[in-house]
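Data block below; observations after.
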Amino acid sequence: MTELLTISNLSYKKNQKQILHDVNLQLDSGKIVALLGENGAGKTTLMRIIAGVAKNYKGQVSLEGEEKEVQRKAKLSFTDNLTGFSDSTKIKDVVEFYINIFTDFDENQFEELRKFMKLDPEMKLSQLSRGMKEKLIIALTFSRKADLYLLDEPFSGIDAMARKRIINSIILWKEDQATILISDHFVNEISALLDEVVVVKDHTILEHKTADEIREGHESIEEYYEGLYADEEDE
Amino acid sequence: MTSFGTLFRELFKQKSKTTYLVFLIQLIAAIIFVIFGLISAGPGSYDHAMIAGVKVNALVAWILSIAGVFLGLSSIAQPVYLLMTSWRNEKINRSQTWRLVPMSNGKIYLCNTLSSFASFIYLAILQFLVALVVSGIVYLSSSDVRAGLAKGFSEIAKYHPGDNFAWLGLVAVFIAAILIGLFWYVIVSFYHFVSRAVIDFLPSANGFFIFVIRVVTLIVVIYLLGLFFNSLGNFAFDFVSAGSGNEIWYTDLLFLVADVLFGGLNYLLIEKFVEAKAN
Amino acid sequence: MEFKDNIPIYLQIEQYLYRQIALGELKAGEKIPSVRKLALELTVNVNTVQRALQQMNDKGILYTKRGEGNFVTENTELLEETKQALINNELETFVQNMNRLGVEKDQLIPELEQYLNSEDEK
């Protein structure tokens with residue numbers, strides 16, 4: 001296994017509020033990793049920093065040894081909510097943007113994913129349900145040939161069928177050496193899929209374990225995760 | 001890595017849709033105005049239309065009036081377009097979708113600004129083409145018009161013998177127009193970036209406080225601009241001796257420095273401080 | 001197939017495949033489905049399937065033909081052992097459960113005989 005992502009001594013403040021503090025994380029290539037934590041724990045911020053769209057942080061983030069944002073952006077694929085497009089944009093126009101802009105975008109793979117997700121290219125963004133939009137975002141994100149995929153809460157607010165499709169697409173289309181980091185505040189739906197679990201709490205990474213390590217202690221990932229947050233529920 | 005040209009093409013492609021829209025609205029508005037004019041003036045009002053002292057047929061006169069109103073509307077369409085595109089520009093500057101493009105943030109900013117400006121120039125070119133086409137139609141409409149125009153031109157030439165048309169001056173005016181147009185985009189971004197950096201830095205504020213920050217930043221930016229144009233203006237004015245007919249070159253120089261300086265500041269601000277909006 | 005979340009999944013995949021073999025769903029010498037297909041069928045990570053298959057390879061239950069995939073061993077002795085292990089597993093659970101119900105070891109056989117007889121009469 002080769003080292004893919006290394007984050008050291010990362011701190012980030014916004015509006016004079018500490019959002020991340022002294023974060024250290026190392027991910028190897030070829031893994032499926034969950035980034036767990038409550039809403040507002042800093043998961044999205046961490047992903048935004050890795051992806052090079054959040055600024056002004058202290059510490060180092062390197063992806064395959066590259067610290068420059070441009071290089072990182074070229075090597076990773078981050079789920080984007082497509083807010084840069086107007087609501088009347090058709091799916092096929094969004095795809096054209098991706099084809100033109102991202103040199104690693106694989107049009108054929110997108111076609112396969114699009115069919116798998118049952119998306120109509122003529123549909124406008126405004127016509128998509130939450131689940132369909134999430135499926136489109138996943139299809140676009142996976143159609144890039146990246147080393148690191150950052151999926152920010154891909155399962156929030158979508159139905160079981162859509163979730164199943166997305167999970168299956170992860171299994172089917174993930175390249176062996178690619179790593180996927182999936183953030184969620186709920187672990188059940190993806191626990192069978194995971195190699196590793198990273199828990200964010202109190203503005204930092206509390207623990208980073210392999211799924212097997214957790215289960216060998218006869219604990220489910222859910223129990224483990226809830227255990228780490230248990231003290232707060234007592235308050 | 002995405003190349004500058006690729007991103008530029010993509011941005012321009014999207015922005016030129018707005019260009020066509022504004023152009024079309026301008027054209028339709030012109031036609032509607034002329035039709036209203038025709039109705040209120042009653043039938044036959046074009047029967048005695050004259051160009052360069054020559055009678056022309058009603059259709060040509062009609063086309064000519066539309067073109068006249070159309071070109072007149074440019075003075076509204078252009079500022080409106082400038083406002084629309086700079087709004088769009090700033091949305092793109094902070095859009096995560098665009099900021100995820102594998103290119104440095106500073107370059108994305110430059111590409112965005114230049115493509116907005118290019119689409120603005122494109123609108124001006126389209127408007128100019130209308131003038132050109134209509135002139136052609138009028139010119140070709142009858143030999144009398146051609147003869148009349150030729151007579152007119154030769155008379156103009158007679159009154160100003162040896163006075164060469166000031167081509168160089170025209171180029172200077174053209175450059176000034178470009179630099180000032182670009183300055184609009186640059187200064188809007190500067191204000192946007194500075195206020196955003198301040199809002200993100202200060203403790204989180206409610207809507208009213210953010211409004212206050214925006215107003216204060218606006219005042220500071222205007223003050224800075226005043227300072228810049230005063231000090232550099234005096235300097236440049238000494239540099240290019242006043243009253244020599246070179247004032248327009250002095251304007252060019254001034255705005256060139258302003259574009260580079262504030263554009264450079266924007267480049268730094270977006271590289272270091274201004275984040276993409278969380279979506 | 002539903003997995004228990006508090007036992008390493010690769011172990012459960014191993015158990016699942018042993019069962020498939022014992023039930024004759026997968027026969028001696030037969031090629032087992034590809035890693036990705038198994039992963040999709042079981043909705044688990046490819047790495048996890050690989051780890052399970054690796055373990056089974058190490059134990060000799062499976063063998064790998066380069067470029068062709070994994071095959072069930074033709075060693076009948078080994079397959080018998082595997083089946084026996086499964087049976088032992090079931091018996092262990094049975095004995096433990098009976099114990100909890102207060103049925104001691106020496107009572108097990110009479111209880112079982114009585115039950116089987118009553119089943120036969122039906």
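Here the Cβ of each residue, glycine as well, is placed from N, Cα and C on the backbone.
Among the features that TrEMBL reports, transmembrane segment is placed at B:20-39 (among others).
Sequence annotations record features per position, and here TrEMBL assigns transmembrane segment to B:59-84 (among others). Cβ atoms under 8 Å from those of the transmembrane segment (B:59-84) belong to residues 18-19, 22-23, 25-27, 29-31, 33-34, 37-38, 46, 49, 51, 120, 123-124, 127, 130-131, 134, 137-138, 141-142, 181, 184 of the same chain, restricted to positions at least 6 beyond its ends.
Tertiary proximity for the transmembrane segment (B:117-140) is limited to same-chain residues at least six positions away from its ends with a CB under 8 Å from its CB atoms, namely 8, 12, 15-16, 18-19, 22-23, 26-27, 51, 56, 60, 63-64, 67, 70-71, 74, 77-78, 81-82, 85, 146, 149, 178, 181-182, 185. Taken from TrEMBL, the feature transmembrane segment covers B:117-140 (among others).
Beyond the ends of the transmembrane segment (B:165-187), by six or more residues, the same chain brings 82, 85-86, 89, 113, 116-117, 120-121, 221, 225, 245, 248-249, 251-252, 255-256, 258-259, 262-263, 266 to within a C-beta distance below 8 angstroms of the stretch. Feature annotation from TrEMBL assigns transmembrane segment to B:165-187 (among others).
Per TrEMBL, transmembrane segment is recorded for B:208-229 (among others). Same-chain residues lying 6 or more positions outside the transmembrane segment (B:208-229) and placing a CB less than 8 Å from one of its CB atoms are 187, 190-191, 194-195, 198-199, 202, 254, 258, 261.
Residues annotated as transmembrane segment in TrEMBL: B:249-270 (among others).
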